[in-house]
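Asker: Here it is, the structure, as structure tokens.
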Amino acid sequence: MNNVLVCIKRVVDSTGEVVITDDGQNVDGRYAGFTVSAHEEAAVELAVQISAATGGTGALFTLGDESAEEQLRGALAMGCTAATQVRADSSAYGPSDVAREIAAVVRDHEANGSSHDLILLGNDAADSGDFQVGIRLAYELGRPVVNGASTVTIKDGHAVAGVKGPEGHEIYRVPLPAVVTVLEGGVEPRYPSVPGRMKAKKVEIEVREPAGAPTGTKRVRLTLPPPQPSQVQILGTGPEAAAAVVDLFEKLGVLR
Amino acid sequence: MIVVLVETDVTGAVEVSRETITFARGLSASGGGVPIDAVVIGDLPCDPTALAEQLAAYGVRDVHHASGDAFSAYGGAAWAAAVQSVRDTTGAVVVTAAGTPRGGEVLAHVAARTGVAMAANVIAFGGLAPFTVTRQVVGGSAWEEMVLDERPAIFTVAGHAVAAEEAPSAGAGHLVEFQPEVEAADLVARVTSTAEPEPDLSGSLKGARVVVGAGRGAGSADGFGELLDLVGMLDGASLGVSRVVTSLGWRPHHEQVGQTGSRVSPDLYLACGISGAIQHWAGMASSKTIVAINTDEEAPMVAKAHYAVIGDMHEILPAINEEIRKRKS
Ligand SMILES: Cc1cc2nc3c(=O)[nH]c(=O)nc-3n(C[C@H](O)[C@H](O)[C@H](O)COP(=O)(O)OP(=O)(O)OC[C@H]3O[C@@H](n4cnc5c(N)ncnc54)[C@H](O)[C@@H]3O)c2cc1C
């Protein structure tokens, strides 16, 4: 039986145009909407698969303000059954602050008789891209950590994680309890079913105060990259441009 | 002292590591000529002495080579212990690496062990007092200025933040072999095998001479017929797709190009119905010639491409395929 905790974060949907708030401190999500990172969606799917395969539980963690409930409910609808929210302004929390808050919840749950023997996180968040919360958490808890796994299964009390490394497909086998950060691509996150959504609405979310004050993110300001001058040459409009395109193929020598 | 973790392949230091050393030289110069040392770890795929010479040409003083049983298989914590040991013996004030998965992982371990901040994907540095860096966030769509005041300052350098360039005046290569102490706990998470490869279907895509890219504009899982026909008519071509295409389940993930997909650098990238979001661009920016086919002449892909055709790919691709057949016969 494996009890998995999966950590997710509400982030601005940055697939469209990115707008920065007037104070230069955050990405403005008023128009873009919010989501969780693709890596975390994959982590939620893995948590649901692992807990189902072992008869354990898939629980969620997030640090964020009230609105982050939307992302928790979304992940509950995918099949997680419990959720803890540390209610705080996530933009004030740096990677080590977040790791400390997760560790505090894990220790507390453990003291109350419910342990999390596998903790999954996204490899990096789509907004801050810090690449380090999972590793810092592992050091906080004194657990081994595998980074950037796209597959995770459990075998004989070990997490077996597959990582696309520089030398090909690398396998790690670490004893539980462990921490694994997840990269998208190894599993297909499921689409929540209607009964899943109904169930998710009823789950009572454990809301907590932060365990400590944040030490900050060290951010001075955000800016947008300067636009690059365009040097595009328009070959034409519609099917009439086909000859010009094939001329170019010939010039580049790419026709078979 | 600036310490750079260097990744290697059969040719010596990989390009992104050489870029990182070039970046470090800028930092060194602004600090009055602080020496730069490199760390390489484990059984190297290249000759260590030749590597030391290659790195000397980039302005590296000593190349510290950590070897021993602890490094026979990769493990992030053990590698971090080696980097930390060099930092301790040299008293380094900066520890850096390329922003690769491995560079980011090892430096995050070092940051966690030393209890200091780490900045990922740095592209530039500003003032030294306080030490500020600019890094890519939001997948490259925004830049963050960040303070790195603690010592050592730990950061990874984003790919192509600077071009790799040899130093104007180079010293002689100097190799320092060492066997750092590694705790048992640091060896728990390491690669146990690379023997169960799921076939890496992206192989032909990564090395392709031509990539025909398709995005949401393909319209549906059935919308790839003309694209595949074109792939068949171009020399050394593969199909590459945007994330929208894989997340809608139209095509498998191994065909995805971008930040979380494959990185490609073909002679020709033909982007059909792809908007050119920064995360897609990250995977194909180094293509030699980029041609966009898009209904929207304001799409970022059109603005950034070398050539573009404005219009519906479902009308343009059949015309291109027809034209090729006509010229061939
Ligand atoms: C953390 C993170 C990682 C990501 N990683 C990746 C990644 O690795 N790879 C990736 O691709 N994306 C990635 N993305 C997603 C990325 O932000 C974009 O959402 C995605 O690239 C958009 O795909 P698209 O261009 O196919 O679709 P859209 O943005 O919807 O654009 C479709 C384009 O097609 C044009 N079009 C529509 N119909 C036609 C037609 N009939 N003929 C011609 N043109 C037409 C439209 O004008 C538009 O420009 C990532 C996002 C995040 C947040």
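Yeah, the Cβs are placed from backbone N, Cα and C, and that goes for glycine too.
Just so you know, TrEMBL annotations are computer predictions that nobody has curated.
Feature list, courtesy of TrEMBL:
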BINDING   B:Arg216, B:242-243, B:256-260, B:273-280, B:Asn294  FAD binding site
DOMAIN    B:2-191  domain 'Electron transfer flavoprotein alpha/beta-subunit N-terminal'
Asker: Neighbour count first, Cβ atoms within 10 Å, every protein chain included; then name which of B:Ile274, B:Ala277 tops the list of binding-site residues.
Answerer: B:Ile274
Asker: Could you check the binding-site residues B:Arg216, B:Gln259, B:Ile274, B:Ala277, B:His280 and tell me which sit with their Cβ under 8 Å of a chain A Cβ?
Answerer: B:Ala277
Asker: Which of B:Gln256, B:Gln259 (the binding-site residues) has the most other Cβ atoms within 10 Å?
Answerer: B:Gln256
Asker: Which secondary structure state does DSSP assign to B:Gln256 (FAD binding site), in the simple three-class scheme?
Answerer: strand
Asker: Count, for each of the binding-site residues B:Arg216, B:His280, the other C-beta atoms lying within 10 angstroms of its own C-beta, and report the residue with the smallest count.
Answerer: B:Arg216
